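Participant: Per TrEMBL, the features are:
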COMPBIAS  12-25  compositional bias 'Pro residues'
REGION    1-30  region 'Disordered'
TRANSMEM  62-81  transmembrane segment
TRANSMEM  154-175  transmembrane segment
TRANSMEM  181-200  transmembrane segment
TRANSMEM  212-229  transmembrane segment
TRANSMEM  241-263  transmembrane segment
TRANSMEM  384-406  transmembrane segment
TRANSMEM  412-431  transmembrane segment
TRANSMEM  443-462  transmembrane segment
TRANSMEM  482-501  transmembrane segment
Amino acid sequence: MGETHNHGHNHQPPPPQTAAPPPAMPLGAAKGPLFPPAEQLLQLHYCIHSNPSWPQTALLAFQHYIVMLGTTVMIATMLVPQMGGGPGDKARVIQSLLFTSGVNTLLQTLIGTRLPTVMGPSFAYLISALSVINDLSGSNFRSEHERFEHTMRAIQGSLIVSSFINIILGYSQVWGNLTKFFSPVVVTPLVCVVGLGLFGRGFPQVGDCIEIGLPMLILLIISQQYMQHVHRVAQSILERFALLLCVGLIWAFAAILTVAGAYNHVKEQTKLSCRVDHSFLLSSAPWVKVPYPFQWGTPIFRASHLFGMMGAALVSSAESTATFYAASRLAGATFPPAHVVSRSIGLQGIGQLFDGFFGAVVGTTASVENVGLLGLTRVGSRRVVQISTAFMIFFSIFGKFGAFFAQIPIPIFAAIYCILYGIVAAIGISFSQFANKNSMRNIYVLGISLFLGISIPQYFVVNTDIAGHGPVRTPAGWFNDILNTIFSSPPTVATIVGTFVDNTLEARHSKDDRGVPWLVPFQRRNGDSRNDEFYSYPLRINEYIPSRFL
């Protein structure tokens, strides 16, 4: 019998094939999608180059004017009475601030950063202005109006001289070279605190007249965020113009309370915060008054006043830089290159020189609240902000019309700022996506920069009296003004702390974790092909300007 097995070709059966194991998924990925970093926000309706229709552009521009008007009135209300000025002087100061803000905004959007940022009066100059007021309070004057004009001339002189700090830092490229030390780990707390650091001008001032401020806050949130989903037509209207509608309604409500006598027997401070007729601006403002150079008289130059203003100029540069970074995100642009930031600070110095010539009581800086408005409306159009300058200049010349809107109670503005400052702070948080958020080293730098950026200025603000004297009190008054001004600014403190720690703590070995490779191309002039698209001068102006000024 033959064997049935072939011993010469006896093969073992092949082993069963198993599928390759799937790649390991990040922890928690199965619970939801992962969102990769996005250099530009995709939910904006209009970015820096695109424009709404002309009627919408005009309404949005007027909305920007209303938002910046609040800060203008706040600063004039705080300083003019202490200078010895009356309602008429306050009205003229507001007109001057509006005029200089309009001109500076137009210049900044044309030959500065070219971002849609409003250049408005800055709170950074308050300590220095109060120091000048206090220094002259003991002098003998024939009248309070004479004291007001003399103080204004002294502030003018300080603004003119200190403006050269920003001009030199900007056009020498020193400021731009400083920003090259920034990484997303530094930019995140810097932009965060430029919004969060203004918390004192939010709900604390809403509480000064809670029956007006709180309804404004609640109505704006409900109408702008919730009611827009009721109908498709309501969405486009409320998302972009709910702020104007709410201001009109609550302002009318405040007028009804005023006429009904609700504030006839209350404290003077409550009347000032709640009544719509207590500022006396409408009756004091001139019908037509064109601001002109040296309208208060020849500027007075005193060395003891200059150094505090120089400190304020540095602070305004740090605040503007943080605001420009936030504006770039909300306008759909790329991160501002170093040379663009530098030329914008130089132009801001020229703007401060202009402020000094035309008698503004403080210098200008990029308006945080107006950048927040870009996010609220999702309209980052440059043209809208440029058209808003027409409203600023118009109402600065025709005083009665400007005084009418300047009578809006401060708590209404404060309620708006509660939302707008919060949006800017949240934009700061979004920069952290370009760094390693799981790095303990980055967490440490972020934490210490954020906390000290708010805590140190709060200490200085709490310990500053009404005359502007802060916790630094040495025999050298100029030295006190510089330090008290610098350390009262959250963005400045966050810049100092964040830049130092981030560049000294394991900086070489953690470039990738810090997000430096992402940021470097944007900081160079030709590092990213999109830089020229957003930041080049209009009408080929760059061909006629030396490259160091570009």
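Just so you know, glycine gets a Cβ as well, placed from its N, Cα and C.
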Participant: What residues elsewhere in the chain lie close to the transmembrane segment (412-431), defined as a C-beta under 8 angstroms and at least 6 residues from its ends?
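Facilitator: Same-chain contacts beyond the flanks: 67, 69-71, 73-74, 184, 187-196, 198-199, 201-206, 208, 212-214, 216-217, 220-221, 243, 247, 250-251, 254, 322-323, 325-326, 329-330, 368-373, 375-376.
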Participant: Given a Cβ distance threshold of under 8 angstroms, which distant residues of the chain, six or more beyond its ends, lie next to the transmembrane segment (482-501)?
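Facilitator: For the transmembrane segment (482-501), the far contacts come to 124, 127-128, 181-182, 185-186, 189-190, 192-194, 196-197, 307-308, 310-312, 314-315, 318-319, 321-322, 444-445, 448-450, 452-454, 456-457, 460-461, 464, 468-472.
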Participant: What residues in the same chain, six or more past the boundaries of the transmembrane segment (154-175), come closer than 8 Å to it by Cβ-Cβ distance?
Facilitator: 125, 128-129, 132, 135-136, 294, 296, 299-302, 305-306, 308-310, 312-314, 316-317, 321, 338-339, 341-353, 355-357, 359-363, 548-549
